[in-house]
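Take a look at the structure below.
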Amino acid sequence: MRLKRFLLRYYPPGIILEYEKGGYLRTKSIDLLDLTPETNPDDLVSEIRQAEPLITESRSEQVKELVLRLQEKQGQQDHHRFCFCKELKAHILPLTNVAFDKSGSRFLTGSYDRTCRVWDTASGTELCTLEGHRNVVYAVAFNNPYGDKIATGSFDKTCRLWCAETGKCFHTYWGHTAEIVCLAFNPQSTLVATGSMDTTAKLWDVESGQEVATLTGHTAEVLSLCFNTVGNQLVTGSFDHTVAIWDVASKSRVHTLIGHVGEISNVQFNWDCSLIVSGSMDKTCKICFSPQGSRVLTASTDKTARLWDIHSGACLQVLEGHTDEIFSCVFNYEGDTIITGSKDNTCRVWY
């Protein structure tokens, strides 16, 4: 085995190792969930070296620098107020979803115009247009933390896998019998999960393009799904008013969360997977945790996005400016940039 490079994961804190074995590139993660700004970095690097043979003495200083970067991010105060930066006339029809890559340097927009577009965050320049779907592109995602692949889910009942650099389509996943409305990569970028109006979620092999499993049990449309940060669990939210937690290895449902009186439109794990946030069809179109896990961002039919304190429930800030419903919102991985996508055909960047 030969170590190729490190990938830094801010939230939850960790270091991903990319290494070569038997001629193939593989990855493994070192989870640092107990890391705090007070952790002694030298002691931690020593523990990591003892547990991980890929990290040799010559790599110790590099690992320490990564640990210090993680601690610096943790030490930053979570009091940032967002200001409007730019508006992009992204599509000729309403936007459906937005997604960042890990670095925050690129983001995706999906639209009713049947395309997904890749954008440069800093300049607002369009980098690429992904075309091929025969209906609305409703769900989009990068395979973070790698960022070299993009998945799109469409009302044409298919999911497509694309090269993020060239826009080439690698695979088209067929199998759902109704519209695909949500999708996600697992953290290892080996699986794509899709949720559909056909009441099922499916798991697909990224490399081969083959279906791995169909997750059945919901009695209505699956509107949202999310992997935990380890990748061993998947959470799904449905119009049947329930949230289901699935074991990825066994493809079985392990918990059902009951409590909503309306259809569930969004579910998401927080950064350390200790909480699941769920939102129902009460004018809230999209929800997402801040990477630090202390705030929740909501997008609404009232043309605003709102930032909430997760502990007090207080509204911290209202982002205004869109002229129609906001369908999607997302934080970058550092938590200092927000993208909102709207029915008014635009997306807005907030710093």
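Here the Cβ of each residue, glycine as well, is placed from N, Cα and C on the backbone.
Positions annotated as repeat 'WD' by TrEMBL: 88-129 (among others). Each residue in the repeat 'WD' (88-129) gets a DSSP state, and the totals come to 0 helix, 22 strand, 20 coil.
Taken from TrEMBL, the feature repeat 'WD' covers 130-172 (among others). Residues 7, 9, 16, 96-103, 106, 108-112, 114-118, 178-185, 187, 189, 192, 194, 196, 204, 206, 209, 333 of the same chain lie 6+ residues outside the repeat 'WD' (130-172) yet bring a C-beta within less than 8 angstroms of a C-beta in it.
TrEMBL lists 173-214 (among others) with the feature repeat 'WD'. Tertiary neighbourhood of the repeat 'WD' (173-214): same-chain residues 27, 29, 135-136, 138-146, 149, 151-161, 220-227, 229-231, 234, 236, 238, 240, 246, 248, 251, selected by CB-CB distance under 8 Å and a gap of 6+ residues from either end.
The repeat 'WD' annotation in TrEMBL covers 215-256 (among others). As a summary of secondary structure, the repeat 'WD' (215-256) carries 0 helix, 24 strand, 18 coil according to DSSP.
Under 8 Å from some Cβ of the repeat 'WD' (277-318) lie the Cβ atoms of residues 10-11, 78, 81-82, 237, 241, 243, 257, 260-271, 324-335, 338, 340, 342, all in the same chain and six or more residues away from its ends. Taken from TrEMBL, the feature repeat 'WD' covers 277-318 (among others).
With a cut-off of 8 Å between Cβ atoms, the residues of this chain six or more beyond the repeat 'WD' (319-351) that come close are 10-11, 73, 78, 80, 82-100, 102-104, 107, 109, 121, 124, 144, 285-286, 288-292, 297-307. Feature annotation from TrEMBL assigns repeat 'WD' to 319-351 (among others).
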Tally of helix, strand and coil residues over the repeat 'WD' (130-172) according to DSSP?
0 helix, 22 strand, 21 coil
In the repeat 'WD' (277-318), how many residues does DSSP assign to helix, to strand and to coil?
0 helix, 25 strand, 17 coil
Non-local residues, at least 6 beyond the ends, that sit with Cβ under 8 Å of the repeat 'WD' (88-129):
135-142, 144-147, 150, 152, 154, 162, 164, 166-167, 324, 327-334, 337, 339-349
